Every structure is written in structure tokens, then in C-alpha cells.
Amino acid sequence: MESEKVGEEEAVIVGDYVEIMKTEGKSKGMKSKFSKFFWHGGSVYDAWFSCASNQVAQVLLTLPYSFSQLGMLSGILLQLFYGLLGSWTAYIISILYVEYRTRKEREKVDFRNHVIQWFEVLDGLLGKHWRNVGLAFNCTFLLFGSVIQLIACASNIYYINDNLDKRTWTYIFGACCATTVFIPSFHNYRIWSFLGLLMTTYTAWYLTIASLLHGQVEGVQHTGPTKLVLYFTGATNILYTFGGHAVTVEIMHAMWKPQRFKAIYLIATLYVMTLTLPSAAAVYWAFGDMLLNHSNAFSLLPRTTFRDMAFITFGFACTPLYFVWEKAIGMHECKSLCKRAAARLPVVIPIWFLAIIFPFFGPINSTVGSLLVSFTVYIIPALAHIFTFRSATARENAVDQPPKYFGRWVGTFTINAFIVVWVLIVGFGFGGWASMVNFIDQIDTFGLFTKCYQCPPPSVAVSPPSHGLNTTAAAPLHQPS
């Protein structure tokens, strides 16, 4: 931690082995240089790439849909608001991680072959009841986060090649998702995180430029918001967008110097906003209320080579689930990567299955945001910080003291209390009600295991938007199957 001196060698936690990084000297051999460049990433830059890639990813394609529910002004303001809230709670999580790890290292606990996770931080600081609640919410969120990533991949590839339906593409990408079992930890996501952010950046600017060049469709209307159900559904999708830091602890643990994480998430959020605000605003400006029936923005843009090049990577949410599963079956500290990969495969099966049952890309984001992200990412971290430092002794001995510009402890507790109340009432309460109404409506309209959600037959023109409750799926564009 900050109070501890860093020697000439630093132990880098990578999940299944310990690599000694020389602070001085050069790596020997081309193989080690190649491996270090592409595989071993524990710098602040690697953490930034992981945070930015994981934060927006597939949700980028549903933000124009949210704008059609919210209206332009609310869409922009809520992105700014939830971006700040998400950055704050990521900062709070980083403070709690540093506090937990410092206390344990003072007790001579060795983490060289162990990846610390959020539920363990809660356990060490607040006890088993907090651990159980944190574990339940975090695992369920990561499970459905992986499901959403898989649904997004299948939806995107369908608009590149519609010879196969979305359900078939889900089968194919489920198999591709299984390859992530061979990635030991976030320490090894260097090239994947870089490619993920590169493709997210390309996709965002493609959406922006393509929409502006396309221009507004004839008779375009921008009537949102029209109903409370739609408004809070869109709002919770944005809450989900900036609540992607359920993997914050794992990303921090992969860093050579975790104490340098504090501002990384905020910087990543600011960058992500340069992608989400222009793209969502441009697509909504061009297509307006048509987006109410098209949760994936790709579906409204003409097929071109540039559109086919846009793709969103996946796999980030799977890795923390692998760690939990490994710990449950006693395989986490196994030295063999192949044995750990084989042990991880059962985790992929429920992800695959749920993506086939609930392929409602867009509505499922809002549902997960309201029921799971609200607690996992916002409420639990804020409450955990309050309870961890509720005593004068804990505040006095805290590893990280709140800075003056946050108002020290009083200011920090006030911000945390505001987040708990706001997200509980607006995000979980109103958002949960609206998202569940909308999600159930998708099931009633399309049915479970639908073969191709919101896929119009090639010979059928896109139907005009309706403004009733069933706006994301009104008048099915195909027969449910």
C-alpha cells in the first residue's frame, strides 16, 4: 500500500502463478518480451483499458433506444449524472479494497496465488452476512451481465449475416465464449481490453457519423418521454451503463500497484462519455421514435462494410464468476491452467442457456440494471463504506483518509447516503417496476426461446412505431418461435 515501500521486485498476482517483475533490468529473450507485451498487463493503462472496455461495451448499442424512451435532454443529463455516481462508487470500492488488503497483509496473509474479490472484501471488513449478500448480488449480476454480452454478440452478427437467426448465432457465440476459460485473470486481458476499447470506439463513431450522413428519416418524430414505464426503463438502462464496475476489485488486484486505481474509473468514464453521448444523440436525432421498436441501433442503419466492421467484444463478466466457482470447488490455487480451464466450463452452460431463453436485448439491460446493478454497484458499496468507518477508531486508523474537497468524512458519508436513497427509490423502486413491466411484456409478445427477437422478414417493411405500453415489441415483426 502507500505506506509500504516497494522494493526492486514486485509480486504480481495473476491468479494461477506469481510473476516477479523486475523494476530494473531487461527481460531476456524474444519469447518473454512477446509474452510480457501481449499477456502480462498490470499497469494503470491496462486497468484503464479494462475499465473503459467493460463499462460500456454492448450497452452502447441500446443507448439510442434509451434516448427514444427518455427524450434527448433527459438522456444526456442522466448519462452525466449516473457517470458521476458510478465513478464515485468505484472509488469507494477501491478504498475498501485497499483497506481490506492492508489489514490482511499486516496479518501476514499471502495473496500471491489468490485473486481477491468483492465478497471477500465485505467478509473481511464487515462479516459473513455482508459477504453472503454481496456474493448473491454480485454473482447474479455477473451471470446476467455475461448473458447480455452473449445476446449482444448474436444480435450484432445477425445484422452482418442474417442467413442464420439470432438463436443460432447465440449457440455459436456461446461456444466462442467458452474460450475465455483459458484466460487466467484480468492481469492477462491486456490485448483483449485494448481490442475491446478499440472496437467500442470505432462502433461509437461509426454510429455517430453514419447517422449524421444518413440524415433524419422522413417524418421523424421525437415524442419521448411519453409514459413513466418507458422513462424509468430507459433511465435504468443508463444506470446499468455506468454500473459496469462489478469487476473493480478483480481489475485492481491485477495491478502491480492497486493503490493507483483511485482516479482510473473516473477517467475511463469521461472517455466513455465521448463515445456514448454523440452516438446516442446522433442515432436518436436521425431515427427518433423508430428506435422504440429497435433496441439494437444497428438494425436501423443500412448494411455497409463500415457497419459490418463494428463489433463489441465479450468475456469480461465471465472471469470473476470463474474465480468464485474455482474457490467453491477448491481449484482456485491449482497451478495447472488446463485443469482450471476444464473446471470452469460448467459456468458457461447457464450463461448460454439463459441467453437462449431471454434474448430480449435492451429490455433485459434495464431489468438487470434496476434489480441487480442498483444494489451490487451503488447501494452495497456506499453502505459498506459507511459501516466500515462508522467508529471514530476506524476513521482514525483508515489507510486512506477522504480528501478535503469531498468534505472529509462528513462529506463522504453524505454522498454515500444520498446514493443509497436515490438508487433505492429511483433505480430499484421506480426502475424495477418499469423494467419488469416492460420485460414481462416482451415475454407475452415474443415468448421464451424466441428464435429471432425483433427480426423482420426480408420481404416485410419495418412497421411504424406505436406509443402504447408495448413500445419495444408492439405488433411483432415475426411470429414468435
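Glycine is treated like the rest: Cβ placed from N, Cα and C.
Looking at 229-251, 436-458, the stretch flagged in TrEMBL as transmembrane segment turns out to be 229-251. Contact between the transmembrane segment (76-98) and the transmembrane segment (409-433) is present: at least three CB pairs lie under 8 Å, with pairs separated by 6 or more positions in sequence. Relative to the transmembrane segment (194-217), the listed stretch 263-286 leads the set 135-157, 169-187, 263-286, 345-362, 409-433 in CB pairs under 8 A.
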